[in-house]
Every structure is written in C-alpha cells, then in structure tokens.
Amino acid sequence: MKAPHSATYQDNYADAAMTARTRPSMDMDQQRNRNQAELRLLPAQRTSTSAFESPDLRFNKARRRRRSEQVPPVVVEYRRSYRVLIVSALLVSLAASFVTLSAGFQLDGSQNSFYTFRKWYTGLNGTLELEFKTEQPNGLVLYTDDGGTYDFFELKLVEGALRLRYNLGGGAQIITVGRELHDGHWHKVQVLRNDEQTSLIVDGVSQQRSTKGKEFQFGKFASNSDVYVGGMPNWYSSKLALLALPSVIFEPRFRGAIRNLVYADQPGGSTRRQEIKQQRDIKCGDVPCDHGELPARERPLRGVRGGNTTDACERNDPCQHGGICISTDSGPICECRNLEYDGQYCEKEKAPSEATFRGTQFLSYDLGQTGAEPIVSAQDAISFYFRTRQPNGLLFYTGHGTDYLNLALRDGGVSLTMGLANGKQEMHIKPSKVRFDDHQWHKVTVHRRIQEISSITSFCRLVTVVDDVYTDHSHIAGKFTMLSSSRVYVGGAVNPRALLGARVHTNFVGCLRKVEFSADTLNLNLIDLAKSGSKLIQVAGNLEYQCPSGDPQDPVTFTTRESHLVLPPWETGKQSSISFKFRTKEPNGIIVLATGSKQPRAKNPVLIAIELLNGHIYIHLDLGSGASKVRASRRRVDDGDWHDLILRRNGRDAKVSVDGVWNDFRTPGDGTILELDGHMYLGGVGPAYNSVSWPAAIWTATLRQGFVGCLRDLVLSGKAIDIAAFARVQDSASVKPSCHVQANVCNGNPCLNGGTCLEGWNRPICDCSATLYGGPTCGRELATLAFNGSQHMTIWLGNGQGTKTQTEELVIRFKTSRPAGLLLLTSAESNSPDRLEIALVAGRVRASVRLSDREKNLLAGQSVLNDNNWHTIRFSRRASNLRLQVDGAPPVRGMLSETILGRHSTMEIRSVHLGGLFHAEEEIQMTSTMPNFVGQMQGLVFNGQRYLDIVKSLGPELSALPSATFKLTARFVNSPAGQPYHAATFRSKHSYVGLAMLKAYNSISIDFRFKTVEPNGLLVFNGGRRNDFVAVELVNGHIHYTFDLGDGPVTMRDKSRIHMNDNRWHQVSIRRPGPKTHTLTVDDSFEIISLTGNNMHLELAGILYIGGVFKDMYSKLPASISSRSGFEGCLASLDLGDASPSLTSDAVVPSSLVVSGCEGPTKCSQNACANRGNCVQQWNAYACECDMTSYTGPTCYDESIAYEFGNNKGMVQYTFPENAQADTEEDNIALGFITTRPDAVLLRVESATTQDYMELEIVEGNIFMVYNIGSVDLPLGEIGTKVNDNAYHVVRFQRKGGNATLQLDDYNVQALTPQSHHSTVFNTMSNVQVGGKFSRNGRNRIERPFAGVIAGLSVNKLRILDLAVERDPHITIRGDVQLVTGVLDRNDLQRMQQTPASGYPGALDDLIFSGAGSGCRGDDEDECTPPFESGSGDDLITPVYVPPTKQTTTSQQGNSLSTGGSSSGGVITNGTERACDDEDCVHGSGDYGETTEQFTSTSTARGSESNNEMVTITTTGRSDVTTEQHQGSSSSSSSGSTPSYATTQSSSSSSSGGSAASTPGQVSTTSSVATSSTQRATSSSTSTSSSTTSTTTTTTTTQATPPPEIRSTVTERETTPYDIYIAGGGMGGSGRNDHDRMQLPDEHHPLPPLPPPIPPQDPPPYGPYGGNTYNTNMNNYRPKGKGGRINSIEEERTAMIIGIVAGILIAVVLVILLVLWLKSNGDRGYKTESEKAAAYGSHNPNAALLGNTSTNGSYHQQRQHHMHGGGGGGGAGQQQHHAQQQMHNGHNGNGNGGGGGGGGMMSSGSGSLGYGSDGRPQMAGLVQPKAKKRDSKDVKEWYV
C-alpha cells in the first residue's frame, strides 16, 4: 500500500525540484533570516557558504578559485552582480526586521513544516491561547491527543473559519467560529475548559459545546502526546495507531505565523508562554524519534522560516516576576496573571490580599444554592498565611455532599480532617516546643491528588505543610475518582460546630493573607475576589481588607542569658517616661540599659537601667551629677505572671510604679537632662566582647545575667515600640516574637550525672557545680587543669584595663593532697590594695576580701579537704555581704564593717591568678603568704565567665580576646570520656531530623559525638538570610566546618591523622570565643582561624537540620558544601549553646529512621550484613538472612539472579505445586529493579480458589503494592520518590494480617493499618507472575508489561528467579526475557549486557559488537521505524562471544573494479579517482553496519548535528542500484557491481563508505558511518522472500553544515520505501565538506529510466560540501575553514604519487605484521573487523577483541593517521587491491558454513558470518537460536 504513496511523493518531490529550478533566485533577506542549520528543498537556497563569512570574504575566495578554474560565462555574470545582491539583501533585511517584529513562529506549509511544544495539561478547567495570521483558508493549526486512545483536540482552518474538533471520551464534538480569518491579520484564539463545557473564542466571539460521559479528563498526562502546531511529524504516517484521530495526518499544513502560545504544561502549574520543545524534553520511548522532534537549534527547520528569532518576546522578554509576554504588532506587552505584581512589566508589587477576622466575619460560597455544578478536579490545593494569638479557630473548609476537608487551628497546632467516600483521615501538626498562635505569619499548604490504582480503586494522597518545614502526609483508598467542591468557608462559618469533621467550634480571630484555592488549573484568590465584589463570594460581617503591619502588644521572649535586642537611642531630654509589661520565673536579669556620653561638667555618664535582682525590680538613674538606685517593687515579681512597670521623670524628680504601686524618688546633684546617645539594650548586654560599659552598681550586668522571660507593650515617652519587629530582624533564634508558658520543665530529670534541676523560664537550669560535668544538662566532661607548684594561669580582664565591681560570684572545684595552697587571687593596680583571695589553709577553705583598708576573712569546711577528692567552693559578694560555701555544707556569711553602698563597696580587679601569684614578665614568685597550689582545678566560673572552657577552646596559642587575655603554664588533663547521652541512630543516608533554629547570632557553641563507618555525610546544616549559613559535614572521613557570616564561606578542617569513620566515638567542639575568632576541636586536633571581615552576626533562618536535609535540598546547598547525602551512624551528646536537645523527643521534624540509642558494634552489628540484611546471632558467629534485600551471599553483598524484560513483553511465571498452595497470614516480598517505565506491573500473586491477590506495580512513576485478601483493594505506596529513573531500587513489602508495610530503598517505611475489619488470610496461593500480569479474558495477553531488570526476587523466602535459572519445572518463561549479569555496574542511563567469558583456550576476553535499538514500544518490530537517536559517544556495549572457525581462503570471482567503489575525499572525474590533499580531506568512518532487522518507513530528508548513527537494511533478491545526487544544477548517476572488499581510507582522506562485495550469485553493498552529523534521505529498497541471496546496504554522509538532498533508488520487482540515516560524509564516506558519490560502471547493469532533463541554471557559488558532480573543472575547490592548498596540477600529482607510495609501504608492513600475528595465534579465532583490527592492532594488544562496532568521533581521531585507502576509496585504492585480497579470508558464503568476514587491507575476517539455508545471516560455529524479534533495548553500544 505504501509503494504508490512513495511514488507519488517522489513525483511531487521531482516537481518541486523542477519548479525550484525555473524560479528566479530567492530574495536575499529571506535567505539571511533562516536558521544556520536549515536545510531546504530548493537548491537555490544552498547558494550561501557560511553565515560566519562576510560577503567580501566569499567573493575573494571565488576570485582565488578562478586561477585554476574555467568558469562559465554565466558564473562570471552571476558573480558580477553578487555584491549588488549582498547590499540589497542588507537593506531588505533591515526593513524586514521591523516588519517581522512580532512575526512569531513562521511556517511555510511544506511537507516538514510543524513545531513541537510541551504537553498541554488540560485538567478539567484548563485554557489554551494562541494568535495566528495566514492568507491560506485551510490548514492544521494545532493538534494533541491522549496517545492514541480516544481523547484529542484538533484546531484547524476550514475555508477561512476556525474549527475545533475534540473528544473527551463521550464522542467527538465540533465548534466552528469566525469567517474569512485568512485575511493576513492577527487573530486571537482561546480554548477554555470547564468540566463538560468546552468553549472556543476567536477575537471575542465565543461558542461552546457540552460533552456527555462519566468523566471528562483528557487522557493521562504521562501518556498524552505533545502539542503539534502547523502540522504533524512524518513518522506518524507509519504509526497511525498512535493517533486518536488518524485523519489528522492528512490535513493540509498551516502556512502563516503563530505566536503567543500560552497554556499550562505541568499538573498544578500555572499558564505560561510556551517555547519550542528543547532536547532535554524529548523522550523517544513512546514513539520513534525523528528529526521532527529534535530541538530547533540541532536540526534543520525545514518548512519553518526563521524560527522565532524575530519575536520581540523571544529576543528580549521585558516581563518580570513570571509575567507572560505577549507579542503584538506594536511591540510586547506583559500579562501579570496570578502574580503578586502588576504594572507595565509586572514590576510593581501588589498590595497583599489580606483581611482581618474578628470572630464574626468570614467568606464563603455555595454553588449548590445557585444551581451550579461543583468544582471537580483530580487534584486541588489550598494555601494561605495566617497570624493569630488565639489557639483555636476555623481556618478553611471545603466540601460537597459527604466529602469534606476541614482545616483549623487547635491548641496552637494546625489540625486537618478529611472525608472522602467512606474513608476518613485526620492529622494534627504541632511540633515539639513550637506553637502557631504566636501572632507571627505562618504559611499553610494542603495538597490532595487522586491516582487511579485500578478500575475500582483510587488512591488520594494528602500532604499538609506548615512554614515549608513541618510536614504530615497520609492517604485514603476507596471508590472515588474526583475531588469535588461546592461549598467553601474561610475564617469561620455561621455554625462551625455543624461542619463535617469539625474539631474546633469557634471562628478564627486574626489575619489571613493570600487565601488561594486551586483545582487543577483553576486558581481562586478568595480574598481578592471578595475585595473586588465578585458574585461568587459572599462576605459575612464587616471585613477589613488589611492587617496591621506591627502591633506594640506583640510580646517577645528572651530565651537565654545572652539574648538581647538593640534599639535605636531613646530621645529623652528633661521629661521622659518608659512603660512595659514583663513576666518571668527567674530572679535575676538586666531588662533595660541605656547610656549616654559624659558631659564636660558632669560627674558621671548619664544612664538609665532597670534590672530584676533577687526577684525585685531596681531602677538605676544618673543624670550626670550622681547615681540613684531604687527598689521599685514591694513584693517579688518572679512568679511567672504579667507585671506592669511605669517610670516617669521630670528633671530630677521621678516616680516608678510596679503593678499600680507608686514610689517617688529624686536624683542627686543638679543634673536635670537625660541625654542618651547610645543604643538601648533590652534583655541583656550581649556577649562578653561587646563594648558596652555600665556602672558597677548594676549587679546583673556585672554578673552577665540577662533577662529570661517575656516583654511586651514597650512605650518610650508615649511612643509605642514594636519590639517583635526588632526580634524578627535581629537574633530571631534567641529572641522569640511570642510568649508561651511551659510548665514543669524539670519533669523527667533532664540534668545528668547528679546535676540539680531548677525551674527557669521555659527551660531547665542544671546546677552542675557539684559534679565532674558541665554543659546545659551536666553531660559534658569539664576541662581540668593540673598544677605542680610552679605552674599557674593568669587572666587579664578588659585586656589589662581591668574592671570595677560591686559584686562577685565564684565557683571553683579542686582536688589536692596538700593542706595549703593558693587557689585564686585577684589583683588591682599597684597602688590599690583591693583583692579577693581563695586559699586552702590547714585543710580548710579561707576567703579573704579586702576593700581599701577594710578586710574580712571567712573560713569554711568542717573536715579536712586535702583528701585528694573533688570539692566545690561557692563564693559570692553583694557589696558588703559575703557568702562562702564548700560542698553541700551550710554557707558561712559575713559582712565588711563600716561600708556604705557606693564607692567604698567597689573593688578594682585587673587580673585573676589561679594556682599561684607570678610576675607577669619575669615569672618569678612574688611575695605571698600562701604556697602555690599543687593539684587539679576545674569548673571555674567567675562573674558568669567559664574561663577554663574559654582557654581550652583557644588552643595552645591562647589568642587574645577583646574581653580578656590569658597566660597559662599549667596543663590540661584529659578526663576520661563519659558515656554518650541522648544518643540516636540514623539508619539511613536519607534520614534527618529538624531542631529549632541554632542560636548563633553573636556566638557559636556546638558539641557532639559521633560514630560511623561511612566516610561522607552531612551532619549539621542551618541556612540563613542572604548567604549566611553554618554546616558541619563528614568528608572522606574528616570533619569539615563551613560557615558564612556574609563575607564569603570559610571552611575549617580537622588535621587528624586518622579517619573518623572507624566505628569509634569522636568528639567535635565548635566555638566562637571572639567576634572574629572561630575554633574547631575534633578529639585532640585543634584548629583556629581569625577572620578580617566586617560582619559580626550570623543571621540564620529556618530550622537546624541534623543528619542531613531532604533530598531536593542538596542541590540547593551552598557550593562550598560537598555533601550530597546524609549521615548514617550514631550521634550523641549534642549540646547547642545553653540547650541539650534530644534528637528524637525534641525534634520539630522527626524521622522514623532516627531512633533512640546507638545500635552499637556488637557481634551482630548494624553493619554486619550489607544492604539491610537481617543479622542472626549464633553461638560464636552470625549469619545474614538476605531474603528481603534483593542481594545474596554470606553478607548480602553479592548480586542476585537478574532477568531483563524487553520491550516486546515477557513474563516469568511460577506455579505452586498443588500440594504447596498454602494459606498465608504473613507475606514477605522483596526485589530489586531498574526501569524507565512510568506504568507497569512488576509482580502479581494470585489465589487458586478466591479473588485474593497481591500486585506490585508502578503508577505514574511511583511504586505501589495493592493487595486484597477477601474484602477490598488496599493500596500502599511510596509517593515521594519516582522509580522510573533507570536507577536500581529495592522494594520490601511485609504483610501481617490486614496490616502491611512497604519500604523503598532507605526511605521511610510506609505503613497501612485498615480501620475496618478485614480478612487476614491469603487463601491458596497458586502462582506468581513476574514482569506483568495476564489479562482477565485470557492467559495469552500480558497487560501492563514491565520493561527493565528485576533481580533478587523473594516471595516468602522463595527465590523465583533462581528457580528459573535452575530450569525448575514449575517455572514458565514467556516472551522477551533473558538472563543478565552485572546489573549494578550499569550506566545510569543505558544498559550493558554481558555473557560469561570464553572458555576457549587463548581467549583473553569477550568479543563485543555494537548496534542500535529502535526505541519502539510496539509489539511488532516491523511497525517500528529505525532508530534515529543521536549517540553521545559514550554508549554501552553488548559483549558476545564468537567461537573460532577454521580460516579459509576463497578466491574472488567476477569483476572487481575499484572504479566502482565509492570515492573518498577526492572528486570523481570521468569515472576515475584521484587523491585529495590532506588539507581538503577529513576523516570519515569505515565501520561496518551490523545487519539487525528489516524495516519499512517513509520520511523526508531532515538532518541535524549529531553523533554517530548507523542503519543497516537487509533485503533479499538481486538488486540494481542507481544513485543520483543533485547539487545546484549538477548531478551524477552510476550503476553497477562493486568489489568484494571493504575500503579503508588513507590518512589524507576519510575512510571509505561505499565498498561492496559481488559474486555471480550475490550483491552486497556495505558502508560505514562517521561521526559528524546525520541526514535523512528518502529512498527505496526491495525485498523478496524467495531468493537465497542477501544484500546489505548502508549509506553514510559526513557533514559540517546541512547536506543537499540525495535521491537514491534501488530497482527491484517491488518497491518498498524505507528511511536511511546518512551519518558522516557523503555517500560512500567523505570529509566534513567533501560530498562524495558512489558510481557503478554502466557496462554491468542497465540503467533505469532517468527523470526528465533539468533545464540549465546559473551555477551557484560553491556550497558547503565542495565538489561539483558534473563540473570537471572544479577539482581544486578547497573546503571552507581550511588553510591554503596546492593549486598546480604538477604539485597535486606529486602529492598523489607520494601518497600512493606511502600507502603501499604501510600496507606491506601491516600485512607482514598481520601474517606474523596470525601465525603466532593460529589457535585463536576471532570475529574482527578490518578497520578495528588495524586501528587497535598498532596500539592495543587487545585489538582482536573488537568485533563489528560502529565508531565515535574519538575513535576516528585516533585512527586517521594510521590507515590508508583501499577498495578505490583513497588515492591508492587500486594499487592496494591485491594486498587486500591476500588478507581477505572469506566471502559471504551461501550455505550453513558460509564464510566471508569483512574485507579491506586490514581485515582478518574469520568467516564468522555466513548465511543459512534460509538465506538469513548466521554465525558460523554457533547453533542458531530460535528467531526472536529484536527490540531497541536488546542491543546497546559502548564505544571503547
């Protein structure tokens, strides 16, 4: 049926060519506007050489050619007008650029005129828009369908009217709109869907139709076709079954312009402007790939003029923030659809769509009341932002009938209930220590999606995400198909208690923003609709469409002693006031501190401070003339309740009120003005290195005690301050913009190792002073110093400037055997006697305090303390009050005599000495009454500073800090490591937990211990604002600490000599002791770095990830982080500043794969068995059970038996014996697989007596197990990961009764627990079907076949694939199934199959051959067009062993004429060949194509830049070959028989591609393929089944720019059209630009009738392929891009002679070497190929291991200087013919033992390929297997 069509096409083709030749030369402006890669039918369009060459350069080249050419007069005349044409073209092009400003996509209506765009996701309410312009009344505008079933959309012009024909399953509908639309003007078209309603709008005129049926989905998005504009790809002509409307292929193509194609191309995605489909979007698995689907920049756009290059939106899209650019005649405009921006270019941010709800207002719509149909969709989404202080309230409700979704705020968490069909689901997101009623904005997203599992069961996935961090997901399975919504309530309802699924009974109070409800592509912004007065939305109450930007009533919580806020200076003056509310349970803390500079006549700097001391409020006020300190509260206020404070002053007079009780006071001196020019500090004074000064009278500041509690309603001099806004932009981790109370924080005894827990404000305070441990929970070992009597430690405070204090607090622990010794001593300036001394005297502790001339001694300790045990000393001073306590004994108190508060109670401290008093410079002992200390000290805390920990973190160099300088001669003692605490095991690299944000704004303190055997993994990560982040990772067994404060990332690495992945505990400590000092300590390895940047704060945001991040986040991590997987192992003893969180109970984002405790290294450890094998402990060993791993071996590490299921359907079936059909209450199934199929059945288990079954399947790329044990279908799946990614996955399924679990790889375990009663027994398990399932109506057809690899299948410990290998009688293998090995070694993208190595002697390795698959999914390979994929150069191989055969020599019969071979590199003149210069010739390919299959198809030439391509066509019968080429006005034709040897090119030319073999009984034509570019030619081949001979033809072309059309005709009894990919050079091998021809002598075969003569035409300039077929005077043409060449005939002849001689010499040498090699290896037999043997023979000892293999570009580069011509291909082809015949060891025989391998000079064919009695090619020495259809994935390529 296709022969007449092909003939008609050929006639049309010839008519088009004839018409082209009689047309005048084409306009130059059209020529310039074409794509550089464009290939035209019209020869006149091939006149230009390269778009990169100027006209003058081309003209000068033409002048140089005249020196050696006889140019016809018509050519001279043509070139005289050439410059005129060029100038004219420039002017016309300039004018055309304005005319075609918005030309869009141009189509000329030719046979190959069409565009391909991404799939249209129609949903149930999708839209599609475009504009078109044409002058033709008929043409196909757009087409898309469901892949060939029922549904389609066809948009076409019919007699000037636009007709939409569509089918949604209920029958075709037709809508026609418009008339005379072919007027050359732009027309706008819209296709709108709304469930069953479909509308067509043209220029505002609308028509609509309704579709009848049960559902209105448009196919399935995964299998739907692309969108084709202007026409259909040609390959559909032979694949009509893939079209839902086959007649569309015969529609006339559109001729005109298309622009502004807008639609949604992803589920849930927004509409956007579409562009031509790019290469990464091309998928060739569903249908044969052809050039019509290749990207525009990599294929010649035949039939499309200029692409979209003149479209203003394409050249420069002015739209911002995702606006859709629309081209118009007046220029581009922007449509800001569904955006938060507007303006001309969508550049202005819209006012937020928000509203304030106060409990009586809400939004709603009810479609049922208006009689409208509900909104129906396959997926919907709800998203909004909310802010509230109320813990309960209805947020959103939607439903229809009994289906509902109720979203509310309950107890400060987000609560969701859903009912669908008969299933109900409920979730409550309330992370640990996190509440959402904190009056901060929170984002909520709810997404539902329905997936059809079977015809009666669907699966609804529900995902809820809060703040993009806190996630919960679940699913419901049942008999439903769609999601419906007819009612919606936002913010409340008339009676929220009556709504289905209600868990709260109150309306929402607070603010809502951007409330959006989307159903498929429908998107409703409900607040915007209400604000604009939409009739759809009903508004209850007086709704205010705005939210206050800030509220002074918003509270903040200071969570640590160091947390604080910095406010701008407070403008005070003579009168001022301050008021606020506070609450806390901690007795001490500085609340407000504001200072000013000292005035010239003032006594002191001005100051105001408010502190909480011993549970009371104290006011400090100094106007410069004297300080006053007043206690403002009469009772304690540290009771956890809110308290009000008001302070007012007028000059010196002031009064303060706490909870309404006023107290007046007056400042001393004559100062009346309070001028505060410094920052105001709230909650604390910051880290020790802050340059903040305060008087000694503010005791809490001296003791570094910040306020921990809540603060709100701050008003300064009548101005309300939104302190929550400051908290959000400053230290948001430590200062929370909310206030909540956590009671009983000491429950559960959080303090370890004997620490004492005290109730703080929402935090436990652990007193570790009586223990050997420190840290937030007394879990970390203390730093211990050892003194030997001559060692000491000295601390200079304030870098030697010293400090003045009225209070001191000291804690120190010691251990000694000496009765006396100096423990601690402070010193002041040399003229000051102030000091504090703590010493051991006679075995007791003495504290001596001296202020000026007053001194007081306290003695404590009832027993002797020099007992070499640890003792704790606590000392404190409050002005004149002293307190000393040793261990747990009652404290000793005392008071300094005759002191008053103020100057006389102030102590000057310049330095602190431990262990002894030494001179700073000379280190000689100064006069002291006490001996130096001998023993150990630890746990020193002096005025809130842990100096021993600071010194240890600074390392041995003791870098100076802004707050202190150190000198140390004592040594640190390595304390014995304690037991890890809060240990957790990360069982997978995909697991992680989330904690509250790391508190690292001013300082960093991170400690943890870890143990692992994995060398890499992310341990800690916290992102931040801008580029700030902090991360800790394990890289190659070493710790990397990376951070960025805004000055660029900095990475610190440990310098340990050992790798940390040794399954031992390792300690990591990270500190920031100074503003620019960072330290990393890993075990004993210490690193320190000092930065020079100006940024002082680490501004983090989000949560702190421990053990990894979610998988999609790795690609977004900063480039300085190398981890791409998480941590697997044990993590413990995590201390983060003042907190020690548990990785399980305190995680705000928990993980089921992170469990408490460390599954440590016992005999049966977690690492004993690989791949999650089950370790079984035995008496003195362990064993690994591998049934649930898909692996095997003693440790579950070895690969299991694997089978590959091809595209032609196949199945492995196991039938249980009748006596073994068991009833099972538990089932365990595991397997590994690799596939790219998005929909397939991997496994099905059936019952013999009931409908029970288990089916493991892939649905839309997700893995599901659906099982039924007597009641209903129960689906269980992993939705979060796609498995059709060609990667190896392991799935494990376990069932116990009705409950089941499924785990994919190392991801979270998915569990299913049916709520209703279900049967628990699977009855009479009868058979297992692997690779698909049988259809219900019979046992012959396989439904939903699997294509890929399945390995290690275990069903209840029964390894079915192992039984298949053992040929178990209960196993049946059907169809395209074969055993494979090396599954895990495969490339990620392609497959490699290999067979066991040869057992024959002398065989070093497997032989290999390569071919190409078709990529065809059809069952019948004859329906598939040949593969036309462009290779990457790194394809895979299929090793195949070829047994040795006896070497034979067959004499050649018949005529073998080198002149009949193809030319290579040279130009054929009058039937002779000559060598080309090496500057003109470029290498090609001389490889043989592997004969694989017969195929038929028809296509039109279309080429593109690509890599190696090979197509081999096998036909039977005697063939006469006629080859005709047309280039410009030139052509050539030849016919004849070709010699029986292959041809190999010399180094100065490309390899031959046109050699053939001929005997009286057969004709064989073989050529090779080169790597450069490909071209499609329309040709015909013949085949008959009665002949016993075979003809193999391969045509190749190498090109750098688009080649001309090639007409090749093979004449035979009947004509069968077929497609040929022409890769490489011209027919018969060529260089990049040499277009070679194959000529067959006339005297051997009669010529078929030639087409009519072609009228002469002005010859064009030399095309990009060089060489004119008929013009014999153009032999010296030099391809573009090359340097100068030889111009004289004598020089060329000399070069030819030199080349011939050199070729003969090299050939002789190679022949000798080859003969010697064959003699020395006579016992070996290989199937080799000529060029491979030579190319690798001189370089690679394994040359003979290469069989018939196509090559890639790198191979050609390697070989081109090592090969010489043969077979008439090169300059020395005839001279080498005899040598080639000597090497030729066989011919293609006609019988079972047949012989000839390849030919050519370097061939050593072993006769391995012959022909059987049936005429089919057969491997000699092998028993031929049963014929099996070959599919695209049976053979892969791997170029070596």
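From the backbone N, Cα and C atoms, a Cβ is placed for every residue, glycine too.
Among the features that Swiss-Prot reports, Zn(2+) binding site is placed at D1831, D1834, with the record citing experimental evidence. Under the heading compositional bias 'Basic and acidic residues', Swiss-Prot lists 24-37, 1632-1646, 1831-1840. As annotated by Swiss-Prot, compositional bias 'Polar residues' applies to 1491-1527, 1747-1757. The compositional bias 'Gly residues' annotation in Swiss-Prot covers 1788-1813. What Swiss-Prot records for C313-C325, C319-C334, C336-C346, C511-C547, C710-C739, C746-C757, C751-C766, C768-C778, C1130-C1158, C1164-C1175, C1169-C1184, C1186-C1196 is disulfide bond, and it gives sequence analysis as the kind of evidence. Among the features that Swiss-Prot reports, domain 'Laminin G-like 1' is placed at 104-289, with the record citing sequence analysis. Residues or ranges marked as domain 'EGF-like 1' by Swiss-Prot on the basis of sequence analysis: 309-347. The domain 'Laminin G-like 2' annotation in Swiss-Prot covers 352-547. Residues or ranges marked as domain 'Laminin G-like 3' by Swiss-Prot: 554-739. Look at Swiss-Prot and you will find 742-779 tagged as domain 'EGF-like 2'. Feature annotation from Swiss-Prot assigns domain 'Laminin G-like 4' to 784-964. Residues or ranges marked as domain 'Laminin G-like 5' by Swiss-Prot on the basis of sequence analysis: 982-1158. Residues or ranges marked as domain 'EGF-like 3' in Swiss-Prot (evidence: sequence analysis): 1160-1197. For 1201-1416, the entry in Swiss-Prot reads domain 'Laminin G-like 6'. Marked as motif 'PDZ domain binding' by Swiss-Prot: 1837-1840. If you look up Swiss-Prot, you'll see 1-1696 marked as topological domain 'Extracellular'.
Swiss-Prot feature annotations superimposed on the structure.
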residue	record	DSSP (3 states)
C334	disulfide bond	strand
C346	disulfide bond	coil
C511	disulfide bond	strand
C746	disulfide bond	coil
C768	disulfide bond	coil
C778	disulfide bond	coil
C1158	disulfide bond	coil
C1169	disulfide bond	coil
C1175	disulfide bond	strand
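C313 (disulfide bond) sits 9 Å from C319 (disulfide bond), counting Cα to Cα. Sorted by the number of other CB atoms within 10 A, the disulfide-bonded residues C511, C778, C1186 start with C511, the lowest. Taking Cβ-Cβ distances under 8 Å and a sequence gap of 6 or more within the same chain, the neighbours of C1158 (disulfide bond) are P980, A983, A984, T985, K1011, C1130, A1132. A straight line from the CA of C739 (disulfide bond) to the CA of C511 (disulfide bond) spans 18 Å.
The domain 'Laminin G-like 6' (1201-1416) is in contact with the domain 'Laminin G-like 1' (104-289), judged by 3+ CB-CB distances under 8 Å for residue pairs 6 or more apart in sequence.
With respect to C325 (disulfide bond), the closest of these disulfide-bonded residues in Cα terms is C319, chosen from C319, C746, C778. Counted within 10 Å of its Cβ, the other Cβ atoms near C710 (disulfide bond) come to 22, all protein chains included. Around the Cβ of C1184 (disulfide bond), the same chain contributes A1168, C1169, A1170, G1173, N1174, C1175, V1176, P1194, T1195, C1196, each under 8 angstroms and 6 or more positions distant in sequence. DSSP assigns C313 (disulfide bond) to a helix in the three-state reduction.
Looking at which of 352-547, 554-739, 982-1158 has the most CB pairs under 8 Å to the domain 'Laminin G-like 4' (784-964), the answer is the stretch 554-739. Straight-line distance linking the Cα atoms of C768 (disulfide bond) and C319 (disulfide bond), rounded to a whole number, equals 62 Å. When the disulfide-bonded residues C336, C346, C547, C710, C778 are screened for a C-alpha within 10 angstroms of the C-alpha of C319 (disulfide bond), the residues that qualify, in sequence order, are C336, C346. Fewest other C-beta atoms within 10 angstroms, among the disulfide-bonded residues C313, C547, are seen around C547. Using a 10 Å Cα-Cα cut-off around C334 (disulfide bond), the disulfide-bonded residues C346, C710, C751, C757, C766, C778 reduce to C346. For C766 (disulfide bond), the nearest of the disulfide-bonded residues C346, C511, C710, C1186 in terms of C-alpha separation is C710. Neighbour density for C1130 (disulfide bond): within 10 A of its CB lie 22 other CB atoms from the protein chains shown. DSSP assigns C757 (disulfide bond) to a strand in the three-state reduction. If you take the C-beta of C746 (disulfide bond) and look for same-chain residues 6 or more apart in sequence within under 8 angstroms, you find C757, L758, E759, P764.
Under the DSSP three-state reduction, C710 (disulfide bond) is assigned to strand. Within the model, the domain 'Laminin G-like 5' (982-1158) carries an average pLDDT of 92. In sequence order, C757, P764, C766, D767, C768, T777, C778 make up the list of same-chain residues 6 or more apart from C751 (disulfide bond) whose Cβ falls under 8 Å from its Cβ. According to its DSSP assignment, C1184 (disulfide bond) is in a strand. C751 (disulfide bond) falls within neither a helix nor a strand when secondary structure is assigned with DSSP, and so counts as coil. For the pair C710 (disulfide bond) and C511 (disulfide bond), the C-alpha distance works out to 23 angstrom.
Between the disulfide-bonded residues C319, C1175, C319 has the most other Cβ atoms inside 10 Å of its own Cβ, all protein chains included.
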